[in-house]
Amino acid sequence: MRLKASVFASFCLIIELLGIALYLRGFFPVPVKSSLSSKSKLSDQPAEPLAGSGPNSTQLPPPLFKRVVIMLIDALREDFVFGPNGKRFMPFTRQIVEEGSSHGFIAKARAPTVTMPRIKALTTGSIPGFIDVVMNLNSPALLEDNLIRQAKDAGKRIVFYGDDTWVRLFPRLFAEHDGTTSFFVSDYTEVDNNVTRHLDSTLKRADWDVLILHYLGLDHIGHISGPHSALIGPKLLEMDDIIKKIHTSLTARVAPSPCPVPESEDAPPDLLVLCSDHGMSETGSHGGSSEPEVSTPLVLISLAFPRKGGAFQPSTVEQVDLAPTLALALALPIPRNSVGRLLPAVVEQAPLREQLRLLHLNGHQLSSLLRDSNPTYQRQDGYELFRVAEKAHGNWMKLYLEGNTSEVLGNLGRKVLKQYLEALQSMSLALSKQLGRYDMYSMIVGMGLILEVLALLLLAMPEALGGAACVDVPLAPACLSLPFCLLGLLACSTHVLMCTSAEANCYFCSLPWPLAFSALLFVAALLCSLAAMAGKRFSLAGDPRPKVSAPGPVGRLQAGKAARDELAMLSVSGHGDIRPTGAHPHAIEAHSDLHPSHLCHICSVAGGNIAETAGSSFLAQTRSQVPGDSSLDWTLSELDILLLTGTVGQTLSLGASSFIEEEHQTWYFLLNTLCLAVFQDVCRKYFKERRALDEEREESSLLPSTTDGDPLQPSFSPATELGVSLGAEKWLALTTPLLTLVCCRLLRSLNQTGVQWAHLPDLGHWLNNGDHKVFLSVLAVFSLLLIFLLVQRHCSLVSTIALALGLLGIYSYRAAVGSVLFPWQHTSRSISKGTGEARFVYVFVLGILFTGVKDLLCSQVTAAGGGGHLRSRGLWEVYSGMVLLVALLLRPHNLPTLACCLLLQTLMVQFVWERLRYDAAQITIMHYWFGQAFFYFQGNSNNIATVDISVGFVGLESYVEVPAVILTAFCTYAGPVLWACHLMCYLSSERDRAAGALSHGCYCLAVLRSVPAALYVALTTALRYHLFIWSVFSPKLLYEATHVLIAAAACLIFTAVDHDHACSL
């Protein structure tokens, strides 16, 4: 089966995506939750330990609190309460913590620090799987045993107001609820007012037992403007007033009706819990494992606690500790899968017998979970400690029931208490380390598919980069071979064995048998194809026979005659390209099988003088067309060595967690080194080459032009297009790499990213400060003007007008939301959502995209009659529409990043890439490097917290899942997407570009993404028990998967744009 290189690359990436999806499904297995029928019950609670044969009690201690109010403030960092600004922005809460009847803790959350997994942790006491970060957008009902279900089954009435994630997780469990959409981050006022408006009437009623309030405004402010925004302070003061109102109501015991009923003096007091699901990073987002993201406040306020005085230092606990603490405090069973432990400070005022009983219940639950999840549970230190403490507890109970009041009883009780606490800590830690069981079978099958695709791409390199850009894949013969039958039989037998004997659930085994067998047979077919291709390559490499002529005089005479025949069919163009006389440039493919030695014979007989650069370029192309020729040496330039070693070195660096956290530094270094290497090539071009090369006819730009003439007409030079002299063009070419270095250095200062230095102030923070809004406005105007000047040169008149109006609408949108200023705008103007202005821009984005797609479709129809110009213009207009959309989504301080991206693309095309005649592979690798660097210039990192989800709601009045996800993903990967699109525009131009350039670029892009993806999959498999597997390696794995998805989409578009799909047999 013979395929075009672009079709082959797209096919490989699609298969790789399937392998990655299967691998991710095994690496991030959806946690198997307990069914509702297996939840903890009161009847299942163990009896109180008692030595001897006397009767012991199975009853739980009485509840410590009557009613509980849980106030969850989304993204509340611990320093907002306990830090220096706590007294300023939350004075009442800080006073209660330091002087009132309360207990304060710093609760540590686990990655991923997003809302849905954190709610699960708070209510179940378990550690959710990392894949829950993906499921956060569409939370299914929680089937795992949880605190809300236990309270409902105990007859307690639960009222909820706030984030509708709770409503989706716990359907039909709330007696009353009013949910608000949590993903519409542009709203930070109404989303909280919708909760507070119910508060007064609810607090006056006595028909509820548990009240849950989830406030989202603080989190939305963080996403919009960060933790240091001027909006943070007023929002914290608002939350502090609400805490004061709730506390006053609970302590006053307001009667629910005009005829109050006196409460019993023995009734327990109420409890107010102030907590948060996660913190907030220095950029205002969350999802990672940095200290500001995982450190949250946990404040328990109740009259049952003693008043404190003097200095206060909060202790550190785990977030999952809240679930067993509240369960025991309300006399409810602890959720079955909870790994948390009781907070001793909450029960320290209870009698010693009740304290020991509560600790024993917690220990029994943890030991049961440890026994069910760990076959070697008996060798765990925590389990042994619990058994010792339980036995000592029985002895204490015997003395207690005998009426012993000596000091021995007290000492023994305190000793048992200490033993219980040590056992609980040890068992909780052991269970927390068991975050999940890997589905190794699915992982191995997925990884095997990924590695097969990589090997397939590498073996096809000589053919894919040849002049014909076609790859011969022996898939059909492989399927008819005996090894395929044997491998298929072995794979299917292994599958049956694994699925019938494995104890753990396996996703691949859950697939229908025909589908699983088909997948395994396909893997076997790929393996046989790989073996056939490898055998073909090695046989060619070991064949010493000459390819052109026989040795000796006869051979030379035959070669001379053949050279004269070829010379009659060839002509040398003014650009140094060898083509058939009178043929279109694409016709060069007909001679793609010329041997280099044959070419030398032709040139020697003709006595032609071919330009050195063109001859060497064609020779290099011809080398690649003759794989396995042992008489040829692969000649690599210094730039080739740099591009290859840099790409391989960056891939190998992913094996270290520190290099993953600071990957941006690697790309910045590679980009700077590339600029210096290009500068060296430019100097050679203008100062060391022969003067004859400087007198050649000026070469044309590869970017599309607005000229509507014949696409085959002689093109004009960059100097003519930009209106500069030839001498000025030389100096502009020399300064382009240096200007690139300057731009990269400025962009590095714009956004601090990574982990180690992300907390340091950067230029973006300075610009976003309210005091510097004038500077930000001026910078935004300058950036938008530069974007217009760089893009409009190659657009049609209609698209140019739409582009200008769209950029004006972008500034109006940013002014409407308060990011920048209009010259006539008053500072007191109220801030709006800017929905109308954003939709105004969307109209022009869609219009430009529609115009570009129309031209592309027309070029497909008129491809044979000169449709290349329409294709180039259509691609550029599609690119222009994407630029306009990126400009709308990026925050104002990031607009210079987009402007610099377009400026560097223009300068590189006009003065470097075209002048130095880099081939398609070199151009593709350079675009890939620039795209990766600009991914980090935007402020992104390998941490989920740097994903700006606020861009998903630009122009939306309510949360709509599909547009929000698409806009967020597009903005996050704007750098790689724009550089890939520019690569397509560049390679698809017909001026002085070989017909296979687009296929070459598509193939190189597939290899560039497959190599790091395959290596990283193997690394994560080997390091799956690494200490940082969930905090560092797992987020990077998700990023790599998304990068492959984007590369696959780009290759599919490359293939659709490429007119030459067929390969001659």
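Just so you know, the numbers here start at 1 and follow the chain as drawn.
Backbone N, Cα and C define each Cβ position, glycine as well.
The feature domain 'GPI ethanolamine phosphate transferase 2 C-terminal' is assigned by TrEMBL to 731-1045.
Here TrEMBL flags 7-28 (among others) as transmembrane segment. Long-range contacts of the transmembrane segment (7-28) within its own chain (CB-CB distance under 8 A, at least 6 residues past either end) are made by residues 129-131, 436, 438-450, 453-454, 456-457, 460, 464, 471, 473, 507-508, 526, 999, 1002-1003, 1005-1007, 1009-1010, 1013, 1017, 1020, 1024, 1034, 1037-1038, 1041, 1044-1045, 1047-1048, 1051-1052, 1054-1055, 1061.
Residues or ranges marked as transmembrane segment by TrEMBL: 440-461 (among others). Among residues of the same chain six or more beyond the transmembrane segment (440-461), those with a C-beta under 8 A of the stretch's C-beta atoms are 5, 8-9, 12-13, 15-16, 18-27, 471, 473, 498, 502, 506-509, 519-520, 523, 526-527, 529-530, 533-534, 537, 1003, 1006-1007, 1010-1011, 1013-1014, 1017-1018, 1021.
For 473-496 (among others), the entry in TrEMBL reads transmembrane segment.
The transmembrane segment annotation in TrEMBL covers 516-535 (among others). Proximity of distant same-chain residues to the transmembrane segment (516-535), defined by a Cβ-Cβ separation under 8 Å and at least 6 residues beyond the stretch ends, is recorded for 15, 445, 448-449, 452-453, 455-456, 459-460, 473-475, 477-479, 481, 483-484, 487-488, 491-492, 495, 508-509.
The transmembrane segment annotation in TrEMBL covers 774-791 (among others).
The transmembrane segment annotation in TrEMBL covers 797-824 (among others).
The feature transmembrane segment is assigned by TrEMBL to 836-853 (among others).
Long-range neighbours of the transmembrane segment (964-985) within the same chain, counting only residues 6 or more positions beyond its ends whose Cβ lies under 8 Å from a Cβ of the stretch, are 137, 183, 703-704, 872, 875-876, 878-879, 882-883, 885-886, 889-890, 897-898, 901, 905, 923-924, 927-928, 930-938, 940, 947-949, 951-954, 956, 998, 1001, 1005, 1042-1043, 1046-1047, 1050, 1053-1054, 1057. Marked as transmembrane segment by TrEMBL: 964-985 (among others).
Positions annotated as transmembrane segment by TrEMBL: 997-1017 (among others). Below 8 angstroms of C-beta separation, residues 4-6, 8-10, 12-13, 16, 20, 23, 446-447, 450-451, 453-454, 457-458, 460-461, 464-465, 469, 647-648, 650-652, 654, 919-921, 923-925, 928, 980, 983-984, 987-988, 1036-1037, 1040-1041, 1043-1044, 1047, 1050-1051, 1054-1055, 1057-1058, 1060 of the same chain, each at least six residues beyond the ends of the transmembrane segment (997-1017), sit close to that stretch.
Here the transmembrane segment (1037-1057) has Cβ contacts under 8 Å with residues 4, 6-7, 9-10, 13-14, 16-17, 20-21, 24, 27, 133-134, 856, 871, 875, 942, 944, 969, 973, 976-977, 980-981, 984, 988, 998-999, 1001-1002, 1005-1006, 1008-1010, 1012-1013, 1016-1017, 1020 of the same chain, all six or more residues outside its ends. Feature annotation from TrEMBL assigns transmembrane segment to 1037-1057 (among others).
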Could you tell me the mean pLDDT the prediction assigns to the domain 'GPI ethanolamine phosphate transferase 2 C-terminal' (731-1045)?
87
For the transmembrane segment (836-853), sequence-distant contacts whose Cβ falls under 8 Å of one of its Cβ atoms, 6 or more beyond its ends:
795-796, 798-799, 802-803, 805-806, 809-810, 812-813, 816, 873-882, 884-885, 888, 954-955
Is the transmembrane segment (774-791) packed against any residues at least 6 beyond its ends, judged by a Cβ distance under 8 Å, and which are they?
767-768, 803-804, 807, 810-811, 814, 819-821, 880, 883, 887, 892-893, 895-896, 898-899, 902-903, 906
